[in-house]
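Peer 1: Before I ask anything, here is the structure I am working with.
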Amino acid sequence: MREIALYILIALSAPAVLRRPFLGVVIYLGANIVRPEMLFWGGGGGSFVFITYYLLILAGCLLRGELSGLGRIFQREYLLMLWMLAAIYLSILLTQFQVPMSSYFATDLAKTLGLCGLLYLLIKTLGDVELLETTLLGCLTFLGIWGIEQQMLGNERLEGLGGAAWGDSNGVASVYVLFLPVALAFAYAAGKRRRFWIFMGVAAVMVALIVCTKSRGGLLGMTACLFSFAIYARKTAATLKVALLFALVVAPFATDAYLERMKTLQGVSDVENFEGSARSRFILWEAGLMVFSRNPVVGTGFLTYPEAKMEFEGSFYHLDDQFREWVFRKESKKVTHNTYIQMLSDCGVFGALPFFLLVAGGIRSGFRARGSLKQERDRAAGLWLAGCSAGLTGFSVCIITIDSITMPFIYVQLAVIGILSRTLSGSSAGLPLVVEPEPVVAEQPA
(Lines of atoms letter the chains of each structure in order from A and count residues from 1; the text may use other names and numbers.)
(Lines give C-alpha, C1' and ligand atoms only; values in the text may rest on other atoms or scores of the structure.)
Protein backbone atom coordinates (compact mmCIF):
# COMPACT_ATOMS: atom_id res chain seq x y z
CA MET A 1 0.00 0.00 0.00
CA ARG A 2 2.85 2.40 0.85
CA GLU A 3 4.56 1.61 -2.45
CA ILE A 4 1.36 2.38 -4.35
CA ALA A 5 1.06 5.70 -2.50
CA LEU A 6 4.66 6.53 -3.42
CA TYR A 7 4.07 5.79 -7.10
CA ILE A 8 0.96 7.99 -7.04
CA LEU A 9 3.03 10.85 -5.58
CA ILE A 10 5.61 10.40 -8.33
CA ALA A 11 2.90 10.53 -10.98
CA LEU A 12 1.38 13.66 -9.44
CA SER A 13 4.76 15.41 -9.24
CA ALA A 14 5.84 14.50 -12.79
CA PRO A 15 4.10 17.45 -14.55
CA ALA A 16 5.67 19.92 -12.11
CA VAL A 17 9.13 18.43 -12.68
CA LEU A 18 8.70 18.60 -16.46
CA ARG A 19 7.68 22.27 -16.18
CA ARG A 20 10.44 23.10 -13.70
CA PRO A 21 13.23 20.48 -13.71
CA PHE A 22 14.92 22.09 -10.70
CA LEU A 23 12.11 20.70 -8.53
CA GLY A 24 13.10 17.23 -9.69
CA VAL A 25 16.69 17.83 -8.60
CA VAL A 26 15.48 18.95 -5.17
CA ILE A 27 13.22 15.89 -4.83
CA TYR A 28 16.00 13.57 -6.02
CA LEU A 29 18.49 14.91 -3.47
CA GLY A 30 15.90 14.87 -0.70
CA ALA A 31 15.16 11.23 -1.52
CA ASN A 32 18.85 10.48 -0.98
CA ILE A 33 18.29 11.45 2.67
CA VAL A 34 14.75 10.25 3.40
CA ARG A 35 15.10 7.20 1.20
CA PRO A 36 12.05 5.53 -0.38
CA GLU A 37 12.70 2.18 1.30
CA MET A 38 12.44 3.90 4.70
CA LEU A 39 8.88 4.90 3.92
CA PHE A 40 7.60 1.45 3.05
CA TRP A 41 9.75 -0.78 5.27
CA GLY A 42 12.19 -1.99 2.66
CA GLY A 43 11.09 -3.11 -0.77
CA GLY A 44 12.57 -2.58 -4.18
CA GLY A 45 11.08 0.78 -5.12
CA GLY A 46 14.09 2.90 -4.22
CA SER A 47 16.02 2.50 -7.47
CA PHE A 48 12.83 3.03 -9.48
CA VAL A 49 12.30 6.41 -7.78
CA PHE A 50 15.80 7.64 -8.58
CA ILE A 51 15.76 6.42 -12.18
CA THR A 52 12.31 7.95 -12.76
CA TYR A 53 13.24 11.37 -11.41
CA TYR A 54 16.57 11.42 -13.24
CA LEU A 55 14.73 10.75 -16.51
CA LEU A 56 12.05 13.33 -15.68
CA ILE A 57 14.72 15.94 -14.93
CA LEU A 58 16.52 15.32 -18.23
CA ALA A 59 13.23 15.32 -20.16
CA GLY A 60 12.22 18.58 -18.50
CA CYS A 61 15.58 20.14 -19.38
CA LEU A 62 15.13 19.15 -23.02
CA LEU A 63 11.56 20.42 -23.16
CA ARG A 64 12.44 23.74 -21.51
CA GLY A 65 15.64 24.25 -23.50
CA GLU A 66 17.75 24.32 -20.36
CA LEU A 67 20.61 22.44 -22.01
CA SER A 68 21.30 25.37 -24.33
CA GLY A 69 23.36 27.02 -21.59
CA LEU A 70 25.86 24.21 -21.14
CA GLY A 71 28.69 26.74 -21.00
CA ARG A 72 27.59 27.71 -17.48
CA ILE A 73 28.54 24.26 -16.22
CA PHE A 74 32.26 24.60 -16.77
CA GLN A 75 33.21 26.44 -13.60
CA ARG A 76 36.46 25.88 -11.72
CA GLU A 77 35.10 23.48 -9.10
CA TYR A 78 33.13 21.46 -11.64
CA LEU A 79 36.17 21.04 -13.89
CA LEU A 80 38.04 19.74 -10.84
CA MET A 81 35.23 17.26 -10.20
CA LEU A 82 35.44 16.02 -13.79
CA TRP A 83 39.22 15.76 -13.52
CA MET A 84 38.86 13.67 -10.36
CA LEU A 85 36.26 11.42 -12.00
CA ALA A 86 38.50 10.89 -15.03
CA ALA A 87 41.39 9.97 -12.72
CA ILE A 88 39.18 7.45 -10.92
CA TYR A 89 38.19 5.75 -14.18
CA LEU A 90 41.82 5.75 -15.35
CA SER A 91 42.92 4.07 -12.11
CA ILE A 92 40.24 1.39 -12.61
CA LEU A 93 41.45 0.82 -16.16
CA LEU A 94 45.09 0.40 -15.10
CA THR A 95 44.65 -1.53 -11.85
CA GLN A 96 46.07 -5.00 -11.31
CA PHE A 97 43.51 -5.79 -8.61
CA GLN A 98 40.02 -7.13 -9.18
CA VAL A 99 37.47 -5.06 -7.24
CA PRO A 100 34.06 -5.71 -8.86
CA MET A 101 32.30 -2.85 -7.07
CA SER A 102 34.80 -0.16 -8.08
CA SER A 103 33.09 0.49 -11.43
CA TYR A 104 29.68 0.55 -9.73
CA PHE A 105 30.73 3.23 -7.22
CA ALA A 106 32.56 5.21 -9.90
CA THR A 107 29.39 5.23 -12.00
CA ASP A 108 27.39 6.26 -8.94
CA LEU A 109 29.77 9.18 -8.49
CA ALA A 110 29.37 10.05 -12.18
CA LYS A 111 25.59 10.24 -11.71
CA THR A 112 26.09 12.56 -8.75
CA LEU A 113 28.35 14.84 -10.76
CA GLY A 114 25.81 14.81 -13.59
CA LEU A 115 23.22 16.09 -11.14
CA CYS A 116 25.65 18.74 -9.88
CA GLY A 117 26.12 19.89 -13.47
CA LEU A 118 22.37 20.41 -13.71
CA LEU A 119 22.52 22.67 -10.65
CA TYR A 120 24.59 25.19 -12.62
CA LEU A 121 21.90 25.21 -15.31
CA LEU A 122 18.81 25.18 -13.12
CA ILE A 123 19.70 27.41 -10.14
CA LYS A 124 18.81 30.87 -11.44
CA THR A 125 18.03 32.88 -8.30
CA LEU A 126 19.01 32.96 -4.65
CA GLY A 127 15.50 31.69 -4.00
CA ASP A 128 16.47 28.46 -5.74
CA VAL A 129 19.48 28.10 -3.44
CA GLU A 130 17.20 28.68 -0.47
CA LEU A 131 14.71 26.06 -1.67
CA LEU A 132 17.46 23.47 -2.19
CA GLU A 133 19.21 24.03 1.13
CA THR A 134 16.07 24.29 3.25
CA THR A 135 14.68 21.11 1.68
CA LEU A 136 17.88 19.24 2.53
CA LEU A 137 17.79 20.67 6.06
CA GLY A 138 14.19 19.54 6.45
CA CYS A 139 14.98 16.01 5.27
CA LEU A 140 17.99 15.80 7.57
CA THR A 141 15.87 16.98 10.49
CA PHE A 142 13.29 14.27 9.82
CA LEU A 143 16.05 11.65 9.55
CA GLY A 144 17.72 13.06 12.67
CA ILE A 145 14.59 12.75 14.79
CA TRP A 146 14.10 9.22 13.53
CA GLY A 147 17.74 8.46 14.29
CA ILE A 148 17.48 9.73 17.85
CA GLU A 149 14.46 7.46 18.32
CA GLN A 150 16.49 4.55 16.92
CA GLN A 151 19.28 5.28 19.36
CA MET A 152 16.84 5.15 22.25
CA LEU A 153 15.50 1.83 20.95
CA GLY A 154 18.92 0.18 20.85
CA ASN A 155 20.79 1.24 17.70
CA GLU A 156 23.57 2.65 19.85
CA ARG A 157 25.65 4.27 17.11
CA LEU A 158 22.98 4.65 14.40
CA GLU A 159 24.63 2.19 12.05
CA GLY A 160 22.86 2.07 8.69
CA LEU A 161 20.93 5.30 9.20
CA GLY A 162 22.34 6.92 6.07
CA GLY A 163 21.91 3.96 3.73
CA ALA A 164 24.66 2.64 1.45
CA ALA A 165 26.41 5.94 0.67
CA TRP A 166 26.96 7.12 4.26
CA GLY A 167 25.55 4.36 6.41
CA ASP A 168 28.15 3.91 9.15
CA SER A 169 28.01 6.11 12.24
CA ASN A 170 31.02 8.22 11.27
CA GLY A 171 29.55 8.85 7.82
CA VAL A 172 26.22 9.90 9.34
CA ALA A 173 27.99 12.30 11.70
CA SER A 174 30.00 13.82 8.83
CA VAL A 175 26.86 14.64 6.82
CA TYR A 176 25.29 16.39 9.80
CA VAL A 177 28.52 18.31 10.38
CA LEU A 178 28.37 19.39 6.72
CA PHE A 179 24.91 20.92 7.19
CA LEU A 180 24.97 22.12 10.82
CA PRO A 181 26.44 25.56 10.00
CA VAL A 182 24.01 25.86 7.09
CA ALA A 183 21.14 25.68 9.59
CA LEU A 184 22.83 28.36 11.70
CA ALA A 185 23.34 30.53 8.62
CA PHE A 186 19.65 30.36 7.71
CA ALA A 187 18.75 31.16 11.30
CA TYR A 188 20.82 34.35 11.31
CA ALA A 189 19.65 35.29 7.81
CA ALA A 190 16.01 34.93 8.85
CA GLY A 191 14.03 38.11 9.11
CA LYS A 192 11.41 36.80 11.51
CA ARG A 193 11.76 35.43 15.00
CA ARG A 194 9.76 32.30 14.18
CA ARG A 195 12.08 31.35 11.31
CA PHE A 196 15.10 32.05 13.47
CA TRP A 197 14.00 29.59 16.16
CA ILE A 198 12.87 26.98 13.63
CA PHE A 199 16.37 26.84 12.14
CA MET A 200 17.91 26.88 15.61
CA GLY A 201 15.74 23.87 16.42
CA VAL A 202 17.00 22.17 13.26
CA ALA A 203 20.58 22.85 14.36
CA ALA A 204 19.86 21.44 17.84
CA VAL A 205 18.54 18.19 16.31
CA MET A 206 21.71 17.95 14.23
CA VAL A 207 23.97 18.42 17.24
CA ALA A 208 22.03 15.77 19.18
CA LEU A 209 22.29 13.37 16.24
CA ILE A 210 26.06 13.88 15.97
CA VAL A 211 26.42 13.09 19.67
CA CYS A 212 24.19 10.02 19.31
CA THR A 213 26.57 8.55 16.71
CA LYS A 214 29.36 8.53 19.32
CA SER A 215 31.70 9.48 16.48
CA ARG A 216 35.01 10.95 17.57
CA GLY A 217 35.55 12.35 14.08
CA GLY A 218 32.07 13.83 14.28
CA LEU A 219 32.92 15.63 17.52
CA LEU A 220 36.11 17.07 16.02
CA GLY A 221 34.29 18.05 12.83
CA MET A 222 31.47 19.71 14.77
CA THR A 223 33.99 21.73 16.76
CA ALA A 224 35.76 22.76 13.56
CA CYS A 225 32.57 23.75 11.74
CA LEU A 226 31.29 25.89 14.63
CA PHE A 227 34.67 27.59 15.00
CA SER A 228 34.80 28.22 11.25
CA PHE A 229 31.26 29.57 11.15
CA ALA A 230 32.10 32.01 13.94
CA ILE A 231 34.96 33.35 11.82
CA TYR A 232 33.36 33.30 8.37
CA ALA A 233 30.02 34.74 9.51
CA ARG A 234 31.53 37.27 11.94
CA LYS A 235 29.43 35.72 14.70
CA THR A 236 32.04 34.81 17.32
CA ALA A 237 30.09 35.82 20.42
CA ALA A 238 26.78 34.53 19.07
CA THR A 239 28.27 31.17 18.07
CA LEU A 240 29.81 30.75 21.51
CA LYS A 241 26.42 31.38 23.12
CA VAL A 242 24.75 28.94 20.74
CA ALA A 243 27.41 26.30 21.41
CA LEU A 244 26.84 26.60 25.15
CA LEU A 245 23.08 26.35 24.63
CA PHE A 246 23.51 23.24 22.47
CA ALA A 247 25.77 21.71 25.12
CA LEU A 248 22.95 22.00 27.64
CA VAL A 249 20.35 20.67 25.20
CA VAL A 250 22.33 17.56 24.21
CA ALA A 251 23.81 16.82 27.65
CA PRO A 252 21.35 13.91 28.19
CA PHE A 253 22.75 12.22 25.05
CA ALA A 254 26.36 12.48 26.25
CA THR A 255 26.29 9.24 28.23
CA ASP A 256 29.19 7.64 30.06
CA ALA A 257 29.69 5.39 27.03
CA TYR A 258 29.98 8.46 24.81
CA LEU A 259 32.50 10.16 27.10
CA GLU A 260 34.53 6.96 27.36
CA ARG A 261 34.63 6.63 23.59
CA MET A 262 36.03 10.12 23.24
CA LYS A 263 39.19 8.97 25.05
CA THR A 264 41.19 8.16 21.96
CA LEU A 265 44.75 7.27 21.02
CA GLN A 266 44.97 4.46 23.55
CA GLY A 267 46.61 1.10 23.00
CA VAL A 268 44.34 -1.88 23.65
CA SER A 269 44.91 -5.58 23.93
CA ASP A 270 41.42 -6.97 23.48
CA VAL A 271 40.59 -7.83 19.86
CA GLU A 272 36.95 -6.90 20.49
CA ASN A 273 38.05 -3.36 21.32
CA PHE A 274 40.39 -2.85 18.38
CA GLU A 275 37.62 -1.44 16.17
CA GLY A 276 37.08 1.40 18.60
CA SER A 277 40.77 2.19 19.00
CA ALA A 278 42.40 5.10 17.23
CA ARG A 279 45.66 3.16 17.31
CA SER A 280 44.66 0.93 14.39
CA ARG A 281 43.88 3.97 12.23
CA PHE A 282 47.49 5.12 12.35
CA ILE A 283 48.68 1.73 11.13
CA LEU A 284 46.16 1.80 8.28
CA TRP A 285 47.23 5.32 7.32
CA GLU A 286 50.90 4.39 7.35
CA ALA A 287 50.16 1.39 5.14
CA GLY A 288 48.20 3.67 2.82
CA LEU A 289 51.16 5.99 2.41
CA MET A 290 53.32 2.95 1.64
CA VAL A 291 50.86 1.94 -1.08
CA PHE A 292 50.98 5.50 -2.44
CA SER A 293 54.79 5.57 -2.48
CA ARG A 294 54.77 2.44 -4.62
CA ASN A 295 52.27 3.94 -7.14
CA PRO A 296 52.47 7.74 -6.76
CA VAL A 297 51.09 8.89 -10.13
CA VAL A 298 47.81 7.04 -10.78
CA GLY A 299 47.59 4.82 -7.69
CA THR A 300 46.71 1.15 -7.43
CA GLY A 301 43.10 1.58 -8.56
CA PHE A 302 39.89 3.00 -7.14
CA LEU A 303 38.81 1.18 -3.94
CA THR A 304 41.77 -1.25 -4.12
CA TYR A 305 43.43 -0.21 -0.85
CA PRO A 306 42.04 -3.16 1.17
CA GLU A 307 43.82 -5.53 -1.23
CA ALA A 308 46.87 -3.38 -2.01
CA LYS A 309 47.88 -2.88 1.62
CA MET A 310 48.21 -6.62 2.27
CA GLU A 311 51.63 -6.82 0.62
CA PHE A 312 52.97 -4.38 3.21
CA GLU A 313 52.05 -6.46 6.26
CA GLY A 314 55.69 -7.52 6.53
CA SER A 315 56.63 -3.93 7.39
CA PHE A 316 54.62 -4.19 10.61
CA TYR A 317 56.02 -7.35 12.20
CA HIS A 318 57.20 -5.22 15.11
CA LEU A 319 53.56 -5.00 16.23
CA ASP A 320 51.87 -7.44 18.55
CA ASP A 321 50.92 -10.50 16.47
CA GLN A 322 47.27 -10.44 17.51
CA PHE A 323 46.90 -6.75 16.74
CA ARG A 324 48.74 -6.96 13.39
CA GLU A 325 46.71 -9.97 12.24
CA TRP A 326 43.53 -8.10 13.07
CA VAL A 327 44.57 -4.97 11.15
CA PHE A 328 45.66 -7.08 8.15
CA ARG A 329 42.86 -9.60 8.45
CA LYS A 330 42.09 -11.70 5.40
CA GLU A 331 38.29 -11.53 5.69
CA SER A 332 36.41 -8.21 5.44
CA LYS A 333 39.69 -6.43 4.78
CA LYS A 334 39.97 -3.02 6.37
CA VAL A 335 39.82 0.26 4.46
CA THR A 336 42.01 3.33 4.97
CA HIS A 337 39.64 5.23 7.30
CA ASN A 338 41.03 8.43 5.75
CA THR A 339 39.63 9.94 2.54
CA TYR A 340 42.80 11.88 1.74
CA ILE A 341 45.04 8.82 2.02
CA GLN A 342 42.40 6.76 0.21
CA MET A 343 42.65 9.07 -2.80
CA LEU A 344 46.46 9.09 -2.71
CA SER A 345 46.75 5.30 -2.52
CA ASP A 346 43.88 4.49 -4.90
CA CYS A 347 44.27 7.23 -7.53
CA GLY A 348 47.72 8.74 -6.92
CA VAL A 349 48.56 12.41 -7.23
CA PHE A 350 46.59 12.61 -10.48
CA GLY A 351 43.34 11.78 -8.66
CA ALA A 352 44.06 13.22 -5.22
CA LEU A 353 45.14 16.67 -6.39
CA PRO A 354 41.75 17.77 -7.80
CA PHE A 355 40.01 16.54 -4.65
CA PHE A 356 42.44 18.45 -2.42
CA LEU A 357 41.95 21.58 -4.53
CA LEU A 358 38.16 21.20 -4.31
CA VAL A 359 38.25 21.08 -0.52
CA ALA A 360 40.75 23.93 -0.23
CA GLY A 361 38.77 26.12 -2.64
CA GLY A 362 35.53 25.52 -0.76
CA ILE A 363 37.13 26.44 2.55
CA ARG A 364 38.72 29.56 1.05
CA SER A 365 35.28 30.75 -0.06
CA GLY A 366 34.40 31.20 3.60
CA PHE A 367 36.77 34.16 3.74
CA ARG A 368 35.00 35.68 0.74
CA ALA A 369 31.79 35.46 2.77
CA ARG A 370 33.56 37.12 5.70
CA GLY A 371 34.69 39.97 3.45
CA SER A 372 31.19 40.41 2.06
CA LEU A 373 29.65 40.52 5.53
CA LYS A 374 32.25 43.08 6.65
CA GLN A 375 30.86 45.43 4.02
CA GLU A 376 27.34 44.66 5.28
CA ARG A 377 25.98 43.92 1.82
CA ASP A 378 24.21 40.89 0.43
CA ARG A 379 23.76 39.67 4.00
CA ALA A 380 21.67 36.57 3.32
CA ALA A 381 23.91 35.25 0.53
CA GLY A 382 27.00 36.03 2.61
CA LEU A 383 25.67 34.11 5.60
CA TRP A 384 24.63 31.16 3.42
CA LEU A 385 28.11 31.02 1.90
CA ALA A 386 29.66 31.24 5.36
CA GLY A 387 27.48 28.34 6.53
CA CYS A 388 28.22 26.14 3.52
CA SER A 389 31.96 26.81 3.72
CA ALA A 390 32.03 26.20 7.47
CA GLY A 391 30.20 22.92 6.93
CA LEU A 392 32.80 21.93 4.36
CA THR A 393 35.57 22.85 6.81
CA GLY A 394 34.07 20.59 9.47
CA PHE A 395 33.50 17.83 6.92
CA SER A 396 37.14 18.07 5.83
CA VAL A 397 38.07 17.22 9.43
CA CYS A 398 35.58 14.34 9.65
CA ILE A 399 36.97 12.60 6.57
CA ILE A 400 40.37 12.29 8.21
CA THR A 401 38.89 9.21 9.88
CA ILE A 402 36.52 7.83 7.20
CA ASP A 403 36.45 6.91 3.50
CA SER A 404 33.89 9.28 2.01
CA ILE A 405 34.85 10.06 -1.57
CA THR A 406 31.50 8.83 -2.94
CA MET A 407 29.28 10.75 -0.49
CA PRO A 408 27.05 12.81 -2.84
CA PHE A 409 26.29 15.85 -0.70
CA ILE A 410 29.87 17.06 -0.55
CA TYR A 411 29.76 17.70 -4.31
CA VAL A 412 26.33 19.31 -4.11
CA GLN A 413 27.59 21.70 -1.44
CA LEU A 414 30.76 22.43 -3.42
CA ALA A 415 28.58 23.42 -6.39
CA VAL A 416 26.42 25.66 -4.17
CA ILE A 417 29.54 27.23 -2.63
CA GLY A 418 30.84 28.01 -6.11
CA ILE A 419 27.54 29.55 -7.19
CA LEU A 420 27.27 31.73 -4.06
CA SER A 421 30.92 32.74 -4.22
CA ARG A 422 30.61 33.96 -7.81
CA THR A 423 27.39 35.76 -6.90
CA LEU A 424 29.07 37.71 -4.11
CA SER A 425 32.10 38.52 -6.27
CA GLY A 426 29.86 40.09 -8.91
CA SER A 427 30.88 37.58 -11.57
CA SER A 428 28.77 37.33 -14.70
CA ALA A 429 28.41 33.63 -13.86
CA GLY A 430 26.78 34.47 -10.53
CA LEU A 431 23.11 34.88 -9.64
CA PRO A 432 21.19 38.17 -9.58
CA LEU A 433 21.16 39.61 -6.08
CA VAL A 434 17.68 40.19 -4.70
CA VAL A 435 16.28 42.44 -2.03
CA GLU A 436 17.19 41.37 1.49
CA PRO A 437 14.62 39.49 3.59
CA GLU A 438 12.10 41.48 5.57
CA PRO A 439 13.57 43.49 8.48
CA VAL A 440 14.18 41.76 11.77
CA VAL A 441 11.18 42.15 14.01
CA ALA A 442 12.59 40.48 17.10
CA GLU A 443 16.03 40.67 18.63
CA GLN A 444 18.36 37.75 17.88
CA PRO A 445 21.51 36.78 19.72
CA ALA A 446 24.33 39.13 18.78
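Using N, Cα and C of the backbone, Cβ positions are placed for all residues, glycine too.
When I checked TrEMBL for this same protein, it listed these features:
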- 1-146: domain 'DUF5935' (DOMAIN)
- 202-356: domain 'O-antigen ligase-related' (DOMAIN)
- 38-57: transmembrane segment (TRANSMEM)
- 78-97: transmembrane segment (TRANSMEM)
- 135-153: transmembrane segment (TRANSMEM)
- 173-189: transmembrane segment (TRANSMEM)
- 196-211: transmembrane segment (TRANSMEM)
- 240-259: transmembrane segment (TRANSMEM)
- 340-360: transmembrane segment (TRANSMEM)
- 381-402: transmembrane segment (TRANSMEM)
Peer 1: Considering only the recorded stretches 135-153, 196-211, 340-360, state which has the highest number of Cβ pairs under 8 Å to the transmembrane segment (173-189).
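Peer 2: So the stretch in question is 196-211.
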Peer 1: Quickly jot the same-chain residues contacting the transmembrane segment (135-153) by Cβ under 8 Å, restricted to those at least six beyond its ends, or write none.
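Peer 2: Long-range Cβ neighbours of the transmembrane segment (135-153): 26, 29-30, 33-34, 38, 161-162, 172, 175-176, 179, 182-183, 186, 199, 202, 205-206, 208-209, 212, 253, 409, 412.
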Peer 1: Look over the recorded stretches 78-97, 196-211, 340-360 and say which has the most C-beta pairs under 8 A to the transmembrane segment (381-402).
Peer 2: 340-360
Peer 1: Do any residues, 6 or more residues outside the transmembrane segment (78-97), come within under 8 Å Cβ-to-Cβ of it, and if so which ones?
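Peer 2: Hits for the transmembrane segment (78-97): 103, 106, 109-110, 113, 116-117, 120, 298-302, 304, 307-308, 346-348, 350-351, 354-355, 357-358, 361, 411, 414-415, 418.
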Peer 1: Determine how many residues of the domain 'DUF5935' (1-146) DSSP places in helix, in strand and in coil.
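Peer 2: Counts, helix then strand then coil: 122 helix, 0 strand, 24 coil.
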